[in-house]
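TrEMBL annotations:
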TRANSMEM  A:12-31  transmembrane segment
TRANSMEM  A:36-54  transmembrane segment
TRANSMEM  A:60-79  transmembrane segment
TRANSMEM  A:91-109  transmembrane segment
TRANSMEM  A:139-159  transmembrane segment
TRANSMEM  A:188-209  transmembrane segment
TRANSMEM  A:221-249  transmembrane segment
TRANSMEM  A:261-280  transmembrane segment
Amino acid sequence: MGFLTQTFNGLVGGSFYALLALGLAVIFGMLRVVNFAHGAFYMLGAFGAYVLLAEAGISFWWALLAVPVVLGLLGILLERTLIRRLSALDPLYNFLLTFGLTLMLQDVVKSRYGSQSNPYGAPAGLRGTVDLGLFDFPAYRVFVFGVAVLLCVGVWWLLTRTRVGTVVRAATERPELTRALGIDVGRWIAPVFGFGVALAALAGVLAAPMRAVNPLMGADLIIGVFAVVVIGGLGSVFGSVAAGFGIGLLQAWSEAYGPGLLAQTLIFLVMALVLLFRPAGLFGREELPT
Amino acid sequence: MMTDTAVTPGGTSTPAKRRWHPARFGPLVVLAVLIALPYWSIEIPGVFDTAINKPGTLQLLALCLVFGALATGYDLLFGRTGLLSFGHALYFAAGVYGTDVLITKAGYPLWQAVLFAVVGTATIAAALGAVALRTNGIAFAMVTLAFAQVGAITIGRDPGGVTGGEEGLPMDTAKVPDALVGVTNTVNLYWLAVGVAVITVLVVHAIADAPAGRVLAAIRDDERRVGVLGLDPYRYKLFAFTVAGGLAGLAGAMYALLIGGATPHVAVSDQTLTLLVMVVLGGPGTRWGPLIGGMLFTYLDYRLVSFGRSDAVDSLPGVLSGPLSQPLFVLGTVFILAVYFFPGGLAGLRTRLGPLARWIPDRR
């Protein structure tokens, strides 16, 4: 395969990293919680699409709309019932809590649908290839990349150009001061968490036609996403997205031109290197307020 | 803590004679009982399937001791220094595979293999810790997790045919002393496991009682203040990380002997989670909590497998019996309950009241 094809493959793979890392970063910024269950929600998103199609005949397009909304609401519920209770404690508690949740969600899905991979076809309109001028590329992958870029730009716009985004950014950087200005920070916590979860679910739906739908698909991915977030700088939205696409590219190139073990471990090697020279990540601030 | 002067009810203080106190001799009595256990043939129905000195039960007890030791070593990081490492499975796996590979593939005699495996594991821990400890808190957890993932992937991919990949690597028993091979010699393995647990406990307690241990506790409570005092927290943390890694390697070597080889599941992140559950259940940062937690958890885990297949679970409606027969579901549930109800000792947290006592929703 040509270099350009590999590059585009990398961008598509990076789209998933970027979407998941974006959700993690938004949640971390607002709640100071690293949501370990992020991978589980990605998996639930893919399963949501699969189950809707297999058991109710609902198409990909409706799933793309409905699954993130439903899982986002579930995320809000989760924040209200479980995560909020631990918010007064060390953030490590919520890390542990969401890890426990991950195991439960995985096993619930496994006990219902087994651990084999389930097929999910690409939606009717996106089955062929598109001519991108220099090479042909599967239409569905182009679509995934487009959606990811749109979403990243959309979130950026939301955060920088709207009042909601301003409040969220202010609450992320100076929670006490924001509260002192009379803004009810607590109100935005659950919606932001739900939004991050919805992003993960959307990435899951997008992944369903491309990747094997199985209960462990999130667990396999999330550790890599953590590395991406650390590389980009924990809490840095821009860093997460940039690192997501960058890692996707590096991975695709090393898969094509390097030994197999390198491609699988590259992301962690890059992380170790980045930490050696910039402990706060490429775009992170040196001292995070705790 | 025992004080050196005891106050009598009359109010006069008497010079401290070393009074008998269960807390002082209890551990030695328990150790004596553990050592003597194989000489008794009592049956405890419902607790163990066979008499206590039969190989099956001794094997289970030895396994409990190995994980008790592993949890004790892990607590040096988690409970005593406040470092949440999510990749401790890597060092355990390094001990398991190091011992196994050195014996089976390189033909070293057992004692050398164990020595090299433990030293090698501590070296790996020192190198990776040096990188990971540049981060703090959750980032540290994520970085250690990532390193462990590299280990798990490498073991699974079987580079150069060394690790046996997904199949695992059975140990070549020809290189192992005869006294440690075969079902009839399980008792010797059991005693060896007691020895590993004793060594681990002695090392961890010695560090905890030494000045270095006080610095570690201070780092757990307030790292910045330790820095202000002119001590370098990084060095102390790296020391704890290296020792904990070496101890995990030792437990791993014992595990490899006990199981008779290595399987890739020892490297996966679930292994670290079970460690966390053990420590959190037992009480992080406490003297005997992690050991007891590790032993109890291993025992319960063994029982849980039979619980999942039991009629009691099968007769439940499908909604319940499905998940309950999945060990990780049960593990996750136990874990969440533990986080909510036994949060004692986590980094920087000195109260044992728990989140339920401070049920105040908007304390952000």
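We number each residue from 1, going along the chain as drawn.
Any Cβ shown, glycine's included, is placed from N, Cα and C.
Only pairs six or more apart in sequence are counted, and the transmembrane segment (A:221-249) with the transmembrane segment (A:60-79) gives fewer than three Cβ pairs under 8 Å, not enough to call it a contact.
Contact between the transmembrane segment (A:139-159) and the transmembrane segment (A:12-31) is present: at least three CB pairs lie under 8 Å, with pairs separated by 6 or more positions in sequence.
Within the same chain, residues 31, 37, 41, 44-45, 48-49, 52-53, 101, 122-123, 189-191, 193-202, 204-206, 208-209 sit at least 6 positions outside the transmembrane segment (A:60-79) and bring their C-beta atoms closer than 8 Å to a C-beta of that stretch. Listed by sequence, the residues of this chain that lie at least six past the ends of the transmembrane segment (A:188-209) yet keep a Cβ under 8 A from its Cβ atoms are 15-16, 19-20, 22-24, 26-27, 30-31, 33, 35, 38-39, 41-50, 60, 63-64, 67-76, 78-80, 83-84, 120-123, 140, 144, 147-148, 151, 155, 164, 167-168, 171, 217-218.
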